[in-house]
Amino acid sequence: MSIPKARWYRIGLLLFLTYLVAFVDRSNIGMAAPLMVKSLGLSSTTTGVLLSAFFWGYVITQIPSGLLASKYSAKKIIVGSLVLLGITGILTGVVKSYDGLLVVRFIMGLAEGVLWPAFAIYFINWYANSERARAINFSEMSLPISSIIMAPLAGWMIENWNYHVMFILQGSLPIVLAIFFAWFASDSPEKDRYVSKEELDYIKQNRTAELKEKGSFLEVIGNYRVWVFCVVYFLWITGLYSFGLWMPSLMKELSSTGIGTVGWLTAIPFVLAAIAMYFNAKWSDSHTSKRSFFIAIPLLIGGLALVLQHIFGVNLTTNLIMLIIAGIGIYAAFGPWWAWAMSFVPNNQAGTANGLINLVGNFGGIVGPIIVGAVAQGKNLLEGFYVLGFFLILGSIIVLTFAALNKSRVKNLDAHQNSKQLVTK
């Protein structure tokens, strides 16, 4: 009997689109940065501070939003976030002072910081463990896809109008999506007015067959595994967001072309990154006990590519090839990462634990852009990207070490997964 798939084409699609428009509003400042440097008279260091200002607010709302989403309504949190994201996205195009932009970007970070902890509740409520990596990966694919869409489109808008118009037009998208999310999404399948009885029964059966653990908030905070995830995510995010935010400026520096061409060049690494994310999540779902390898190997590849780029990047073609490889490595691990992390956290604390991991990890979004700008001061941006490579390599080493020390835990989780599959077949 075929099970309906509303959890994929409706809930999954809404989560994907939410993250897509959020990442467009978050990252389109990278496309405008080469022009803002001139109009605002910014140095590489002050540009790095502006690019990181979003994350000052982003890290603050991680834990509170996780607690609120677990206790009240993840749907209401997401809808409110989308509205505020739209307002701040539009204001980015209106405000013309450096200090004003810092404030607007900070508020935008506050608004978007609530999204991922709320998403965690949706993944727990709507998907079984065997589906979760794909569900998470579907949402996370919005990261590279947002750049694939945003970079050329933003480049075209800036070239034909200006970056102020670009911010205003792209900032309106979250407000429109908030209306659709409010109407078509529900916190759980039990509360959903559209889900079929067959799909509801399937979801409930598969959820209840999973490994169930109980734990308090303090137990999650005291779980050393959660803090290992925090450190790895910090190293990873330091590389990831610096890579994305500084990419247009680097392409402008390497190619010496117009902003429209820079937009197309910027999109290239993210096309293959999106493809890699899809297949890596699919493969990891087939090897749940080995998910750590589907995280560590991509991070290692991404880190080595950035380090080797510094050595062999002698022209635009060589640099672009290394950036493509780096992008594949940096983004491919996202689906397996969150499914892997959730398997070590009590189900009833998923929102809080994910909020904590995001909180600590996204400090990398604060320091990363500043590091690149500071290292590149008086030199070139490749120097900053070289440093990011070592952050990714260290993160890979920690993942492999952690996996080796927790083999028994992984085997236990995999045994529960196998028994669940036997029950539901």
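Each residue, glycine too, has its Cβ placed from N, Cα and C.
Annotated domain 'Major facilitator superfamily (MFS) profile' per TrEMBL: 11-407, in sequence order. Mean per-residue pLDDT, taken over the domain 'Major facilitator superfamily (MFS) profile' (11-407), amounts to 89.
Under the heading transmembrane segment, TrEMBL lists 48-70 (among others).
Here TrEMBL flags 77-95 (among others) as transmembrane segment. Sequence-distant contacts of the transmembrane segment (77-95) (same chain, at least 6 residues past either end, Cβ-Cβ under 8 Å): 18, 21-22, 25, 29, 65, 68-69, 101, 103-105, 107-108, 110-112, 114-115, 118-119, 163-168, 170-178, 181-182, 185.
Summarising the annotation, TrEMBL assigns transmembrane segment to 101-124 (among others).
Feature annotation from TrEMBL assigns transmembrane segment to 136-158 (among others).
Sequence-distant contacts of the transmembrane segment (164-184) (same chain, at least 6 residues past either end, Cβ-Cβ under 8 Å): 10, 14, 17-18, 21-22, 24-25, 28-29, 31-32, 75, 78-79, 82-83, 85-94, 96, 150, 153-154, 157-158, 194. Marked as transmembrane segment by TrEMBL: 164-184 (among others).
Per TrEMBL, the feature transmembrane segment maps to 226-247 (among others).
The transmembrane segment annotation in TrEMBL covers 259-281 (among others). Beyond its flanks by at least six residues, the transmembrane segment (259-281) meets 31, 34-35, 133-134, 136-137, 140-141, 143-145, 147-148, 151-156, 158-159, 247-248, 251-252, 294, 298, 320, 323-324, 326-328, 330-336 of its own chain at Cβ-Cβ distances under 8 Å.
The transmembrane segment annotation in TrEMBL covers 293-314 (among others). Residues 236, 239, 243, 276, 280, 283-284, 287, 322-323, 325-333, 336-337, 340, 382-383, 385-386, 388-397, 399-400, 403 of the same chain lie 6+ residues outside the transmembrane segment (293-314) yet bring a C-beta within less than 8 angstroms of a C-beta in it.
Residues or ranges marked as transmembrane segment by TrEMBL: 320-344 (among others).
Sequence annotations record features per position, and here TrEMBL assigns transmembrane segment to 356-378 (among others).
Within its own chain, the transmembrane segment (384-405) is flanked in space by residues 225, 228, 231-232, 235-236, 238-239, 242-243, 246, 250, 292-293, 295-297, 299-300, 302-307, 309-310, 326, 329-330, 364, 368, 371-376, which lie at least six positions past its ends and keep a Cβ under 8 Å from the stretch. Sequence annotations record features per position, and here TrEMBL assigns transmembrane segment to 384-405 (among others).
Stretch with the largest number of CB pairs closer than 8 A to the transmembrane segment (136-158), among 48-70, 101-124, 226-247, 320-344, 356-378: 320-344. Sequence-distant neighbours of the transmembrane segment (101-124) (same chain, 6+ residues past either end, Cβ-Cβ under 8 Å): 11, 15, 18-19, 22, 25-26, 29, 49-50, 53-66, 68-70, 74-75, 77-78, 80-81, 84-85, 88-89, 91-92, 95, 132, 135-136, 139, 187, 338, 342, 347, 350-352, 354-355, 358, 362. Residues 26, 29-30, 33, 36, 42, 77, 98, 101-102, 105-118, 120-121, 217, 241, 245-246, 348-356, 358-359, 362-363, 365-374 of the same chain lie 6+ residues outside the transmembrane segment (48-70) yet bring a C-beta within less than 8 angstroms of a C-beta in it. Cβ atoms under 8 Å from those of the transmembrane segment (226-247) belong to residues 27, 29-30, 33, 51, 55, 143, 147, 220, 266, 269, 299, 302-303, 306, 323, 326-327, 330-331, 333, 337, 341, 344-345, 353, 356-365, 367-369, 371-373, 381, 384-385, 388-389, 391-392, 394-395, 398-399, 402 of the same chain, restricted to positions at least 6 beyond its ends. For the transmembrane segment (320-344), same-chain residues at least 6 beyond its ends with a Cβ under 8 Å from one of its own Cβ atoms are 120, 123-124, 129, 132-134, 136-138, 140, 143-144, 223, 225-226, 229, 233, 236, 239-240, 243, 247, 250, 265, 268-270, 272-274, 276-277, 280-281, 284-285, 288, 291-292, 294-296, 298-306, 308-309, 312-313, 350, 353-354, 357, 389, 392, 406, 409-410, 413.
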